Amino acid sequence: MHPRRPEGFDGLGYRGGGREEPCPGVRPFGGGAEMGHWVTTPPDIPGSRNLHWGEKTPPYGAGTPLGAAGLNEEPGLGAGGPGAEQLNRFAGFGIGLASLFTENVLAHPCIVLRRQCQVNYHARNYHLTPFTIVNIMYSINKTQGPRALWKGMGSTFIVQGITLGTEGIISEFTPLPRELSHKWNLKQIGGHLLLKGLTHVIAMPFYSASLIETVQSEIIRDNPGILDCVKEGIGRVVGMGVPHSKRLLPLMVLIFPTALHGVLHYVISSIVQKLVLLFLKRENSHSLPTESSTSVQSMLDAYFPELIASFAASLCADVMLYPLETVLHRLHIQGTRTIIDNTDLGYEVLPINTQYEGMRDCINTIKREEGMLGFYKGFGAVVVQYTLHVAVLQLTKIIYSTLLQNVS
């Protein structure tokens, strides 16, 4: 239940040291150069503004040091004319937008099928490869229409917003650090991870409601309102709202697996992103661009290492925690009287009637009745999701490279 995108932007730097006094000759905030700087700052990645074990990722490519630019000049803007300057100013926005669009919109059908396969204990076809996933996507789209693959997308955005807002509020009114400085210690790390765990626990009822909207079959489900996720989440807490069966697990039973999954996903993705950024930084330092391609290459070196690191971090965390996510989703969905699509056929519906007593019982039952591969049901959807993400990133890189070369 982690947000798939960054919690913030390192470029703002609002949690650094004391407020710096403006130097003489520097224009106040709001000028053209400053606005250009905010636009071209590389998009951050999950955890990068929280776990600063080394230096922060340089906002500009290795081939264009910050000190080489004048007070009123944008770093990384070569002498390519106003066209190249304009493209550079909006390059970060465009590239980051493409990545956000892929993760939250284009990949949503993969998330829908992935979750339906995870909670479908009836399934004989585990959909471990992308080929069977694409086939079942086609079948569901043919019988139920395109809406069946995009259901619950609005609620996923709401859960992300609740998660980010909760984290910000807790960090403001408690000593738990939302970010870690360069000189961190074990106490700060413990408080920081505690903040992450509390955030996921508070957002847990809304995550359950969003999960139900995502896996509920389009055949029998009514058109939900955009705030139904919030209403159902509050109803789950106070014990009101849609009636559930006696097999519904209390929220206290869900706290540990929910917090464990959220914290582990954050830690794994943060470590992987740091390692990938360190590797890419060393690679870029050994291959400096030529003068003719400095503007183009410096722009690409500024933005794409961040996106590649974010991609690798999310992929590794999703793959490593996939079995735990399967258990988590089955516990959340139990007792909610949810009807899902038949992921074997694509044109029937199935009820969810599990009777797990808790996390340990769920793990033992899956292992006994479905085998070890039962924890990886729907894994082919992950392959499709990240393959699509790679394709969009590569296409975006080609488009920006072509545009910048044409105007330079």
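Note that Cβ sites are derived from N, Cα and C of the backbone, with glycine treated the same way.
Keep in mind the model is a prediction, meaning the values are calculated, not measured.
Residues or ranges marked as compositional bias 'Low complexity' in Swiss-Prot: 66-76.
Swiss-Prot lists 1-23 (among others) with the feature region 'Disordered'.
The region 'Disordered' annotation in Swiss-Prot covers 52-80 (among others).
Taken from Swiss-Prot, the feature repeat 'Solcar 1' covers 86-177. Averaged over the repeat 'Solcar 1' (86-177), the predicted model has a pLDDT of 88.
Summarising the annotation, Swiss-Prot assigns repeat 'Solcar 2' to 301-403.
Residues or ranges marked as transmembrane segment in Swiss-Prot (evidence: sequence analysis): 93-113 (among others). Long-range neighbours of the transmembrane segment (93-113) within the same chain, counting only residues 6 or more positions beyond its ends whose Cβ lies under 8 Å from a Cβ of the stretch, are 4-5, 39, 42-43, 127, 133, 136-137, 140, 148-153, 156-157, 214-215, 303-304, 307, 310-311, 314, 343, 378, 381-382, 384-385, 388-389, 392-393, 396-397, 400.
Residues or ranges marked as transmembrane segment by Swiss-Prot: 157-177 (among others).
The transmembrane segment feature in Swiss-Prot is assigned to 189-209 (among others).
Feature annotation from Swiss-Prot assigns transmembrane segment to 248-268 (among others); the stated evidence is sequence analysis.
Swiss-Prot lists 304-324 (among others) with the feature transmembrane segment.
If you look up Swiss-Prot, you'll see 373-393 (among others) marked as transmembrane segment, on the strength of sequence analysis. For the transmembrane segment (373-393), the residues of the chain that approach it from at least six positions outside its boundaries are 98-99, 101-103, 106-107, 110-111, 113-118, 120-121, 123, 126-134, 304, 307-308, 311, 314-315, 318-319, 322-323, 326-327, 343, 366-367, judged by C-beta separation under 8 angstroms.
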### Query
Hey, which bits of the same chain come close to the transmembrane segment (248-268), Cβ under 8 Å, at least six residues off its ends?
1-2, 46-47, 193, 196-201, 204-205, 207-208, 236-237, 313, 316-318, 320-321, 324-325, 327-328, 331-332, 334-336, 356, 358-359
